[in-house]
């Protein structure tokens, strides 16, 4: 036991301590080390709101404060709140600065710091930092280095928990050293399992694995994430507890072996294992379970001799069993809610314990700690929930907080004018609400969040408000799957932000004058389309019943045995993608869907998904493509649906992990998709096989599509010969495709070529259905499709008449009329086609601003020469007119043809068509001919898409990569607003002016670029073209990466830096060999064309 003699708490008298026996770690401390030593100056080795929280506590206790800050944090509030502030980590990255132990210790010693508080994150759980403090004679406000080490090592902490009799989740006894060990664990305990970083927390290095297919990928991801976050990639594996509650217990210990708990917090509301909302105490927690949790926490802390504040974390399963997870040997972000319900200032306690005070001296005895009401903490972050909580950065233009009774705010960067950088955590402010119970606290919190006004950056406030209004949150218990299982939380109403939008518009007009409208002046038609009448009752049976009854193989047989020509209608996707920039809303598709279901039941399929549908639905229409699929499926149950699947790219533009493609197909099939048209832009079989396997595994109909280019009827063009296509078809049939497709994206199939190609395929594969897709850019689409049908094609693609022609598909009405009464009769009613077309003719008027006919009045047979795919042709034509280059579109098309030849005559389908287009625009922008590009290939800075193509990122083209071009290119990887305009600010170094307003009596300002001044100002030296060693920016843009430094030797063609502009990244290569004498840019520099990047001395 310990005897305390004398010592007046009020006068902070020195405690005389005598050891009378062995008592945990007190038995190992000398009497001198247990003396009360007052702290006079505290440094916080952290930033943001936690630093300010500690400073405030110190000030209340009469302790002087010291802040440290990185070069990027010179304007941050925490350095202004301290008595002293010092720069650390000069020249280091933003995070590395706060991890640089030598600098922190140096500042502490030079400025007579008595103790260092680590805050949370950064160095707070680093035993080497705690030891460095001790070695320097500076107290560490936290546990001893040895305890930090033990608790920071998840495996050792687990072993200690077992020794203390605390239940743990089945897991490895030590960090695993290989993927094989994870395999063995999974085989022993079964899925799901979870990887956890052995030396850190916060959700980093944590991955849940549900089957063997996910194991390797998640192991690698968890390892690399742990390595990056904690400097050690060690992982251990545990059995994953499904849908647990995440309960943590706050503990507090002193130097004399006393340990108490301050009850629990419920941290179950999480996303990606990171806490979003915390509650104390845990709602509806069984009292016996609470006793077990708190008792186990105190016992574990006593066993290790725990000193200062810490948290013991548990999972509680649906049966009420609890399992130890870890100990966080630091103050937690959510310590605030515990303070609110216990009236204990945890930071005060930390400081006093560090000075040598005992818990009883501080009045902190277990029987005196009581729960009073309920507290909730919401972390308001600069994240956008509608985009997967993507962090947002920028300048806070408006900040107004929620306050009032029962509300506490802990913040650092929450003020008007603050700049939110991308370097650190996105936490803006912690809002803590207190009340007599959970519903009362939630009501106060909701009210406070409603009062917040944050403009300039996105926040998660709307999402938090939905959480606080959720009945499960308010009246039941939540688990860690709460957010995932309540997707309605993400149906967010966008903030109106009317005032700030208006100020930006007014500011822009004041600085730059009226904005020039784009050339297209078309307005949406005020007339809504009338839906043709539809019979009541169920729609007639269609081919989908065959598919559901007989499966993909039986479906394919039925298609092959069908008499007459079958049609696939592209009106629901590719037609409006080609003509209306994919802008057709689900609303207009749903209106006509019942008519289609009742009158076109004999269609082979409807193409209504994939491709640009995903991009446009989410980015421009703000719609969910999955919901579109579900709703159309309910309205059209009888006609098969078809989608595009870009092989290993799925519906994206890059290769995805195999399991992602498989899962995508599985979910697509579950939500109503039937036929998967699988293709690859280069006809690269390995990429196609993945998509075919994924579609097949999902139970879908696999339609392997060969992308067509060239002209099989021209004996002079033999790169893409008839034999080439037959060989590809043979491999796809062997791979098990149910249907064989020809995908003619540019509309290059002429009637004679159609007869040759389809005839040969029919002879070679008599039992396989053949499907042909084309575009009508040249105007010969109907003739070509009729030729295909006569040669043996079973299905051709069409669009309803008012959505056909030009860069869309051939006319449905024309094909129906031309085959009527022949053996190819489609069985489709021409009258119903007319009704269908009339709807779309009027509906098309709703999208007049996006209609290609605003700039393009007809198709053009020159597509046989330039081979530009239909959708891309439309986009390029519109872009040229928007940029005032409509009269030069012929040059753009010519450059496209030349770029195609430079790249070896590619099959041009997304994404390969984009590569050709990027190179063509690069050539036009820089006035380069094909010969000049070939000659100067070793010194030109090509678009990144071109470089990555030559690296093989999207596969290997038929015939290999173009030489010698490839060898020369360096392959580098309702209110009234009272507004008064006050003043225009001076031009800043970024070419912006600050425009000041008075809005409803409050001062507001916005930053506006002065376009005229920016043209005249020279922010950067220009590269002189007659000085050989000066390297200039090939185009305006932002520096993404600088790859060299002064004094470095470089070779001709070596990458120097990467620029990003207009959604295109460009690698700038060295035009000569030599030594870098000076670098004029750094990462994030904004450059204009010809701005000097660096200088090279030969």
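Using the three backbone atoms N, Cα and C, a Cβ is placed for every residue, glycine included.
TrEMBL: automatically predicted annotations, no manual curation.
Computed from a predicted structure; not experimentally measured.
According to TrEMBL, the features are:
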type	residues	note
ACT_SITE	330	active site
BINDING	154, 238, 273	ATP binding site
BINDING	574, 743, 773, 775	Mn(2+) binding site
BINDING	646, 910	substrate binding site
DOMAIN	38-488	domain 'Biotin carboxylation'
DOMAIN	158-355	domain 'ATP-grasp'
DOMAIN	1028-1097	domain 'Lipoyl-binding'
MOD_RES	743	N6-carboxylysine
MOD_RES	1063	N6-biotinyllysine
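Considering only the binding-site residues 743, 775, 910, the residue whose Cα is spatially closest to the Cα of residue 273 (ATP binding site) is 910. Sequence-distant neighbours of residue 910 (substrate binding site) (same chain, 6+ apart, CB under 8 A from its CB) are 611, 646, 653, 681, 869. Highest local Cβ density among the binding-site residues 238, 574 belongs to 574, counted as other Cβ atoms within 10 Å over all protein chains shown. Within the same chain, residues at least six positions away from residue 773 (Mn(2+) binding site) with a Cβ under 8 Å of its Cβ are 568, 570, 677, 705, 741, 742, 743, 744, 745, 796, 797, 809.
With a cut-off of 8 Å between CB atoms and residues at least 6 apart in sequence, the same chain places 196, 197, 198, 199, 236, 326 near residue 154 (ATP binding site), listed in sequence order. It is 743, among the recorded positions 330, 646, 743, whose Cβ has the fewest other Cβ atoms within 10 Å in the structure shown. You'll find the Cα of residue 574 (Mn(2+) binding site) roughly 48 Å from the Cα of residue 238 (ATP binding site). Ranking the binding-site residues 273, 775 by how many other Cβ atoms lie within 10 angstroms of each Cβ puts 273 at the bottom. Surrounding the centroid of the Cβ atoms of 574, 743, 773, 775, where the record places Mn(2+), the chain contributes additional residues within 8 Å, namely 570, 744, 745, 774, 797, 809, 870. Averaged over the domain 'ATP-grasp' (158-355), the predicted model reaches a pLDDT of 90. Straight-line distance linking the Cα atoms of residue 238 (ATP binding site) and residue 330 (active site), rounded to a whole number, equals 24 Å. The CA atom of residue 330 (active site) is located 64 Å away from the CA atom of residue 775 (Mn(2+) binding site). Sorting each residue of the domain 'Lipoyl-binding' (1028-1097) by its DSSP state yields 0 helix, 39 strand, 31 coil. Here ATP is bound by 154, 238, 273 per the record. The longest Cα to Cα distance in that group is 16 Å.
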